[in-house]
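These notes are about the structure you will find just below.
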Amino acid sequence: MAPPPSSTSIQVESIVFPPSVKPPGATTTLFLGGAGVRGMEIQGNFVKFTGIGVYLEDKAIPSLAVKWKGKTAAELTDSVQFYRDIVTGPFEKFSQVTMILPLTGKQYSEKVSEMCIGVWKAQGTYTDADTATIEKFLEVFKDENFLPGSSILFTTSPTGSLTISFSKDGNIPEAATVVLENRKLAQTVIESVIGEHGVSPEAKQSLASRLSDFMTQFDEKATANVESQIGL
């Protein structure tokens with residue numbers, strides 16, 4: 001088992017993402033990989049909508065280090081495949097989307113659904129089962145309203161389930177709102193944040209910077225362990 005990285009909290013505007021969390025749907029505590037704001041230029045002003053934190057299971061570090069250790073933060077940030085390896089990696093992931101401006105559940109879920117369907121149709125992988133899953137996804141959000149400080153929480157398992165939870169007070173709830181069994185949806189939701197066209201470039205850069213450091217720490221710890229075992 002990989003030792004947990006020495007993660008620290010990150011503040012995005014007034015939102016503080018803690019170093020580790022145990023979200024609904026996760027089998028273990030996850031560490032904070034990175035965080036950043038999501039915003040958009042509107043009439044010459046950068047309007048910030050949400051803060052997004054991305055958490056990973058400890059074993060993400062040795063899994064990613066096989067290919068990516070030794071790469072700089074800039075090299076990782078520029079690599080589409082690096083983020084793809086996070087999205088598809090055999091470890092748990094958790095995304096916390098916390099409101100800076102208010103948003104209705106209907107607005108949020110319709111936007112995410114449109115994005116997912118567009119991706120799947122472009123890939124030629126859209127099926128009737130996906131239509132049913134999207135309908136369930138929209139249903140979960142339809143009566144929700146998210147005020148500033150409230151959060152939408154997504155836990156993605158390596159088996160392909162997507163656990164959705166809501167928080168109105170900044171705390172991570174113990175119970176999930178719903179679990180959807182659809183690997184494509186689970187992966188596309190996390191990819192919408194950190195993928196090639198991810199909504200938060202700041203979160204992507206944060207993730208690359210911290211994971212570059214964590215992989216270096218992991219490599220140094222592994223070397224020290226081997227040296228101690230052989231008496232160096």
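Just so you know, glycine gets a Cβ as well, placed from its N, Cα and C.
Bear in mind that the values here come from a model prediction, so they are computed numbers and not experimental data.
What Swiss-Prot lists as substrate binding site is Thr50, Ser192, and the listing cites similarity to another entry. Taken residue by residue with DSSP, Thr50 (substrate binding site) is part of a strand. Cβ neighbour count for Thr50 (substrate binding site): 25 (other Cβ atoms within 10 Å of its Cβ, all protein chains included).
Among the features that Swiss-Prot reports, site 'Important for catalytic activity' is placed at Tyr108. Secondary structure from DSSP puts Tyr108 (site 'Important for catalytic activity') in a helix. All chains included, 18 other C-beta atoms sit within 10 angstroms of the C-beta of Tyr108 (site 'Important for catalytic activity').
Under 8 Å, Cβ to Cβ, and six or more positions away along its own chain, Ser192 (substrate binding site) finds Val112, Met115, Cys116, Gly198, Val199. Here the CA atom of Tyr108 (site 'Important for catalytic activity') lies 11 Å from the CA atom of Thr50 (substrate binding site).
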